[in-house]
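**Student:** Sharing the record's features from TrEMBL:
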ACT_SITE  A:101  active site, nucleophile
ACT_SITE  A:194  active site, cysteine persulfide intermediate
BINDING   A:6, A:7, A:8, A:9, A:10, A:11, A:12, A:13, A:32, A:125  ATP binding site
DOMAIN    A:203-269  domain 'tRNA-specific 2-thiouridylase MnmA-like central'
DOMAIN    A:281-355  domain 'tRNA-specific 2-thiouridylase MnmA-like C-terminal'
SITE      A:126  site 'Interaction with tRNA'
SITE      A:335  site 'Interaction with tRNA'
């Protein structure tokens, strides 16, 4: 097959591209330039988006022996990921930009362009399994598993995707990179959000949305117990950084229960008020077989690297409802609910949807 | 590298000797350098003392633009205007920009017409208004992207009338079109090795004796005290061989590649009728063909043709490797889309009719695919 390897400059995508070559594909490497000004994005060798990363990706392509180009996706990335990120926080939700980038950039804008240019598929270094059966499964390396942020992909997108790393642990990937002479073998993992250079999400949002002082309100009494400089900076389930003026009557810690953009209010309350047993979500994607007519017994995960709980999942038009077997704390709107079917060969992604409440 | 240049390089590199040393080995190296200086001067219409060897084109351009600016401003502090065309190579463009950012230079950017040509009347108007304040004028001999050859002698004459030194970046021109330093009337001229079959990292600035220039590099005082640094004897010898070979072979070479290039243009037009041919149709580099392919992105076309073994170029890329719309095409009045849809094909020493056949065989399908890919793009 003629395949396009998305190369971030990190070790995973470099090894993925090398494995695609070893598997006999005709591979072309592409680095996605996502920053409008590369200097403003995260610096240092920690992930994607910087000049160092572009250079690292190019060197890896040299070593692997494949053609290499840089594609300018900065405008698309800005509109579909960065602006969306800000808008979601402004609306009181908690977005996952990596998921959005997969959905809108890597497996949409990039994949579409690749197909138009005559490529058959896109190869990435995501840690997830996608076998001949077309099912997306968790990586063998559960600590590095990225199936949660890939579950948003549709059947059409998965059919044109190749994830060569799903059967390997991160340690194996690094060892292989070293064997192949790839200089990125020891490059630190990327984490945090690539377009927030210093990791200060709150500061980034304040810069975009401005200061918007408002009240922090106790859920049970309705009393104002503190103030904030922007409700968008809070996430459901958050405990730290509330700076409440008055302690709760019972002296127990309080958590963010909800964010109401309309009134610019952050509502706080005790931990147990965070317990959620019913999760409502929209825009479901179902790739683990035919879309079910009846409720499905499965497991759900409600945020990246979050706990997995047994649940009954039902689809109804553009909506998904998950009834959890045991309550989960801190379910944030804007995150994805991903349904898995437990499987010894790797838990299978059944589907996903965006949580509304 | 040309075989002759490579052989001269290797033979000289085997010899020991610093051209600045006074002992026998040093004298031998010195002799090689001076013979090379004479060879370069002879074929480019300069006097040997006007040849300053440098580390290549970028250095020569920086030395000319900054060096003449500094020297003439030092003589008269109100003389701090730099005049440049809008289509210069970045080695000039960015040097001029740097002077504006860091040295308080004022810049007169001269516009070009739709084929990228700088009208001598445009320069005349600028100098009529500002000649007293102008430290240096710089305009390239031939454009590296669209191939347009500038009326350098006319431009230099206008500058001379106003008593302002005129520098030209002739990197693209030497060996491609006739270049005569003395006859052209320019005060300074940049030439570099790797564009004409010589080594990379060796070039020269031809600088008239009466034109002052402040050095970029200070040290041992080599090259008229204008360019310090131990001379790269082997590189200079190979450079001189390459310059001489290129200039002596220029006419025959130009006739041969122009015929191939004209065939390429004709057949590209037949294969893709809506193509736009950029640059001056007559006054242009013999091997240069430059097109805009409406509805395509140049970098998509490049990828597709590269996969078929056909090398071509888009404008330039930023440091991260992102293709940028060419400032040359924008200066010629092209919009962003047309600038991004552009591609340059260069016919050179090793090009054959078979290469052009291969391009024409691959081009229609590549254009078709690139168009489909571009249709997906969100509007800017």
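Glycine is no exception: its Cβ is also placed from the backbone N, Cα and C atoms.
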**Student:** Specify the nearest of the recorded positions A:10, A:32, A:194 to residue A:335 (site 'Interaction with tRNA'), where nearness means the distance between Cα atoms.
**Tutor:** A:194
**Student:** How many neighbouring Cβ atoms, not counting its own, are there within 10 Å of the Cβ of residue A:126 (site 'Interaction with tRNA')?
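**Tutor:** Looking across every protein chain shown, the total is 28.
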**Student:** How many Å separate the two farthest-apart Cα atoms among the ATP-binding residues A:6, A:7, A:8, A:9, A:10, A:11, A:12, A:13, A:32, A:125?
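**Tutor:** Those residues reach a largest Cα separation of 15 Å.
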**Student:** If you measure from the Cα of residue A:6 (ATP binding site), which of the recorded positions A:101, A:126, A:194 is the nearest?
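**Tutor:** Checked the recorded positions A:101, A:126, A:194; minimum Cα distance to residue A:6 (ATP binding site) goes to A:126.
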**Student:** If one measures from the C-alpha of residue A:12 (ATP binding site) to the C-alpha of residue A:126 (site 'Interaction with tRNA'), what distance in angstrom results, rounded to a whole number?
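**Tutor:** Residue A:12 (ATP binding site) and residue A:126 (site 'Interaction with tRNA') have their Cα atoms 7 Å apart.
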**Student:** Quick check for the class: what is the C-alpha distance, in angstrom and rounded, between residue A:10 (ATP binding site) and residue A:126 (site 'Interaction with tRNA')?
**Tutor:** 11
**Student:** For the domain 'tRNA-specific 2-thiouridylase MnmA-like central' (A:203-269), what does DSSP give as the number of helix, strand and coil residues?
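**Tutor:** Tallied per class, the domain 'tRNA-specific 2-thiouridylase MnmA-like central' (A:203-269) gives 10 helix, 21 strand, 36 coil.
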**Student:** Fill in the CA-CA distance, residue A:32 (ATP binding site) to residue A:101 (active site, nucleophile), as an integer in Å.
**Tutor:** 11
**Student:** Using DSSP and three states only, what is residue A:8 (ATP binding site)?
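**Tutor:** Looking at the DSSP assignment, residue A:8 (ATP binding site) belongs to neither helix nor strand, so coil.
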**Student:** So for residue A:335 (site 'Interaction with tRNA'), how many other CB atoms are inside 10 Å of its CB?
**Tutor:** 25
**Student:** Would you count the other C-beta atoms found within 10 angstroms of the C-beta of residue A:12 (ATP binding site) for me?
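**Tutor:** Total other Cβ atoms inside 10 Å, all chains included: 27.
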**Student:** Per DSSP, to which secondary structure element type does residue A:101 (active site, nucleophile) belong, with helix, strand and coil as the options?
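**Tutor:** The three-state answer is helix.
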